[in-house]
Amino acid sequence: MDPIRSRTPSPARELLPGPQPDGVQPTADRGVSPPAGGPLDGLPARRTMSRTRLPSPPAPSPAFSAGSFSDLLRQFDPSLFNTSLFDSLPPFGAHHTEAATGEWDEVQSGLRAADAPPPTMRVAVTAARPPRAKPAPRRRAAQPSDASPAAQVDLRTLGYSQQQQEKIKPKVRSTVAQHHEALVGHGFTHAHIVALSQHPAALGTVAVKYQDMIAALPEATHEAIVGVGKQWSGARALEALLTVAGELRGPPLQLDTGQLLKIAKRGGVTAVEAVHAWRNALTGAPLNLTPEQVVAIASHDGGKQALETVQRLLPVLCQAHGLTPQQVVAIASNGGGKQALETVQRLLPVLCQAHGLTPQQVVAIASNSGGKQALETVQRLLPVLCQAHGLTPEQVVAIASNGGGKQALETVQRLLPVLCQAHGLTPEQVVAIASNIGGKQALETVQALLPVLCQAHGLTPEQVVAIASNIGGKQALETVQALLPVLCQAHGLTPEQVVAIASNIGGKQALETVQALLPVLCQAHGLTPEQVVAIASHDGGKQALETVQRLLPVLCQAHGLTPEQVVAIASHDGGKQALETVQRLLPVLCQAHGLTPQQVVAIASNGGGKQALETVQRLLPVLCQAHGLTPEQVVAIASNSGGKQALETVQALLPVLCQAHGLTPEQVVAIASNSGGKQALETVQRLLPVLCQAHGLTPEQVVAIASHDGGKQALETVQRLLPVLCQAHGLTPEQVVAIASHDGGKQALETVQRLLPVLCQAHGLTPEQVVAIASHDGGKQALETVQRLLPVLCQAHGLTPQQVVAIASNGGGRPALETVQRLLPVLCQAHGLTPEQVVAIASHDGGKQALETVQRLLPVLCQAHGLTPQQVVAIASNGGGRPALESIVAQLSRPDPALAALTNDHLVALACLGGRPALDAVKKGLPHAPALIKRTNRRIPERTSHRVADHAQVVRVLGFFQCHSHPAQAFDDAMTQFGMSRHGLLQLFRRVGVTELEARSGTLPPASQRWDRILQASGMKRAKPSPTSTQTPDQASLHAFADSLERDLDAPSPMHEGDQTRASSRKRSRSDRAVTGPSAQQSFEVRVPEQRDALHLPLSWRVKRPRTSIGGGLPDPGTPTAADLAASSTVMREQDEDPFAGAADDFPAFNEEELAWLMELLPQ
């Protein structure tokens, strides 16, 4: 029988003074071992002795000799190694081949979690202690194991679910049980404790020292503490923060709690200690790093080594290689930053001189996890990929500039021929798939699943590429294969909706969450499937859906929001955070800052809504009091992606731009009120003098170019291409400005430079026509489509080049042209329309949607409701044709009492006059209309038919103009066609909101713009209030109709596909009156739409398009977005200011006869 050993603790097991390695943390209930020979000698060890440490090795080695380390590894149970290390790495990060010293220190701390003492301590202890015999079996049985009482603790008795208990390793459950009561008392939930159990040592540290942590880090949340503690050196990192937080909060860094926790979570204990030790050197000369830069570098695996390397190499890289400190920081601020910096120092000259890359491209490649390996692979494969596979250096750089760039480049080299030859993909599509984190895996999955998804599930190769071209594309493709049948058959989604959900970062999780929550959100919360799809179709869709399920009742019942507004907030990247911030800040912003709930929703309904709301709370008083902005202007700036940065930049640059550059605050606001407003403002500050002095532009033209999404890039491209386009291609500066003054101006200018000679020489277009096509959002895509389809449409479909140009010269020109190619035969042969009528419908913003709606509703309107095809065409040919036709169908199918008295002819005339806004305005009740009707009846008691034009004739005249193939001749031809004098025709047009100049040139404004003029001329629309005026709720409701007026594309029904053009048309409608002079107006045959003063940006402009992932181009404006599916857009736009402020300023008031004509059209 084995002898009973003494329980006197060995010196190696005694707690040492000072900080303990993770796994040997002291606890409050740790007692002192009884002396040898005591009454408890020989009994099994007390469980309290092992609660915060893992089991001891069966037998210590005599000394740390040559073979002792291998013995230690044999004794080490691999299951004890904390896998949270790998969870904390990027999902497709680079695989580093070098192990830094500090990283090895942390690996050793993981080994110490097995209760093995440090090697130096073992040398000292075992030298004075002879080797022990093999432990007795009974002693081994006393150790905690899967079969021991410690491992069999049932945590369900403490309220943990079975699933939560299974997530906790058996050997850790006793530690969880020991500290459960203390942690729960500190406010930690069961889920928090389960997460913290990933690193058992942190359980005791947090339980014992939570009060000290809150004292040192008062803003720390439970989630933040758990986020640090569950890391592989989390307990030590928290201990380090307790020691150094006070000094790091003071000069020179003055870090806040969030920054301190970020360093501790991502960089570990070594990073915290390094920041503390080197804080003065990092922020002083010659490095002069900002606190934000120090945090960025330190907040990664290997942060300590990166900080050390920055101190050594930053001066060298800046002085000898021409990099900026910002570029050096960008390279260092990733996992493996040390190795990346050293590789940039070594390879930058080679890549630039021998391979033709720019320093910026080298920095882009290096500024990712695994930058070292990516740079080396670019050096090796760039010649091969370009010469043998036909890629451009830019495409190679795009592939390499992601985590895992090395593997992606190697996979492109291997699979590009296969994917192109066997699967029909283009090199551009292969590059798009590869240019993301995890590009290697995505390419391999496309190779495996493309045939299956296309043949068995009916997807197109383009849809498969869209799904794969995101982070996590591999998983998304596999999930689409698994869930597409279920989501379509059981939940009623379309394949297109499934693709939309999957084509984002986290598409796999979003699809699974839609499967789980779609029935709940629809049945319990009243959402439509389209709204659920809209929420899910963004990065982080899973989290957004779960948050909508949780917060929708609260936001609606406690805060008065509508479900549509909640959907609008959630339907963006970061929707979860935006919803939570609205819940928290809505009362504050409304009560303390005077904003309306609608304005708060508008700010939140963008990517980065959370940060924008927090910045509005902070800067609204400053911008209004110190800089003279109005709350409306602050909201306009904030209501874009990147609103936070735009607001901060306005605060910084408004005085400079106004005082040094002569801009007005209104112009600064106009520039800032777009996605990328920060960058646009900075570029205006930098390039305004150059563009004005060297290129002859006016400040107003510079502002016009900058006042769009992508304003920075557009300004830089104008600086570069203006001389070329004017000297080599014969354009005027005004034409260049017109092209650049739209979303995607950069791409449009570059495409004009490339295609102008081709379109003019090979296709017979004039430079003016090319400029007209390019001068819209999506001009690049429209020009490329004209080049491709002009021969087809003219030869196969009988259109003229002028008609093709007319279709292309609108927002969404590309989808309109493609739809004409597809539907022209159908509409002419099956529905009896003429090619001229099809062209008239297509030649407006949203032409694609209007054509599809005519195809769908023409039989219904004609057969079931008695309208003529000419009437349908007249409604569809006025801009905003789709919503106008849908409103007519809805009224004829389910009459609204406000419109019930109108005949079909009256309804058609009203729809032609003002589209859906006119019909909606009458339904809601026109302000002042009853008094106006009475006044008119009193003053003109006898209204005879000769005093007013026949309403049917108005429809015929409008339809004639819209379908005329030569607009400039339409006026003269109309006089002949209808037997009208010049004065009579002008009088008719004036009654429908058209000026003499517009009528004579044949370029009629959209219906909603004409309706706006009619309302103002008739006195039924209030003048624009001053920015400082306020409205009572009664006033606001009285004039609600005016706030709902839309331009060409009105808010679609949530049951229909959204108009991508909606955002672009509103953007384009901003008047250059505040930012451009008359010189910006072009004399093209195709009208350049009026633009609106950016000061009064309607909140509905905040709906943004998804970004493209490759090629640098903007999304095609005709592409439907998930956001358009949300009914929230309609409600949002009901709060908008009139989108055509100033459009009717010069339109004179109606006289009494004109009022009488109008009143005869309206319900009495």
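Glycine too: its Cβ is placed from the backbone N, Cα and C atoms.
Quick look at what Swiss-Prot annotates:
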type: COMPBIAS; residues: 131-141; note: compositional bias 'Basic residues'
type: COMPBIAS; residues: 142-151; note: compositional bias 'Low complexity'
type: COMPBIAS; residues: 1048-1060; note: compositional bias 'Basic and acidic residues'
type: REGION; residues: 1-68; note: region 'Disordered'
type: REGION; residues: 128-152; note: region 'Disordered'
type: REGION; residues: 1048-1091; note: region 'Disordered'
type: REGION; residues: 1135-1164; note: region 'Acidic activation domain AAD'
type: REPEAT; residues: 255-288; note: repeat 'Cryptic repeat 0'
type: REPEAT; residues: 289-322; note: repeat 'Core repeat 1'
type: REPEAT; residues: 323-356; note: repeat 'Core repeat 2'
type: REPEAT; residues: 391-424; note: repeat 'Core repeat 4'
type: REPEAT; residues: 425-458; note: repeat 'Core repeat 5'
type: REPEAT; residues: 629-662; note: repeat 'Core repeat 11'
type: REPEAT; residues: 697-730; note: repeat 'Core repeat 13'
type: REPEAT; residues: 731-764; note: repeat 'Core repeat 14'
type: REPEAT; residues: 765-798; note: repeat 'Core repeat 15'
type: REPEAT; residues: 799-832; note: repeat 'Core repeat 16'
type: REPEAT; residues: 833-866; note: repeat 'Core repeat 17'
type: REPEAT; residues: 867-886; note: repeat 'Core repeat 17.5'
type: MOTIF; residues: 1067-1070; note: motif 'Nuclear localization signal NLS2'
type: MOTIF; residues: 1104-1107; note: motif 'Nuclear localization signal NLS3'
Whole-number mean of pLDDT values that fall within the repeat 'Core repeat 1' (289-322): 97
Residues in the repeat 'Core repeat 15' (765-798) grouped by DSSP into helix, strand and remaining coil: 25 helix, 0 strand, 9 coil
Chain residues in Cβ proximity to the repeat 'Core repeat 5' (425-458) (below 8 Å; excluding those fewer than six residues from its ends, i.e. six or more beyond): 90-93, 389-391, 395, 398-399, 401-405, 407-412, 415-416, 418-419, 464-465, 468-474, 477-478, 480-481, 484-485, 495, 1109-1111
Tally of residues which DSSP labels helix, strand or coil - the repeat 'Core repeat 2' (323-356): 25 helix, 0 strand, 9 coil
Helix, strand and coil counts within the repeat 'Core repeat 14' (731-764) (DSSP): 25 helix, 0 strand, 9 coil
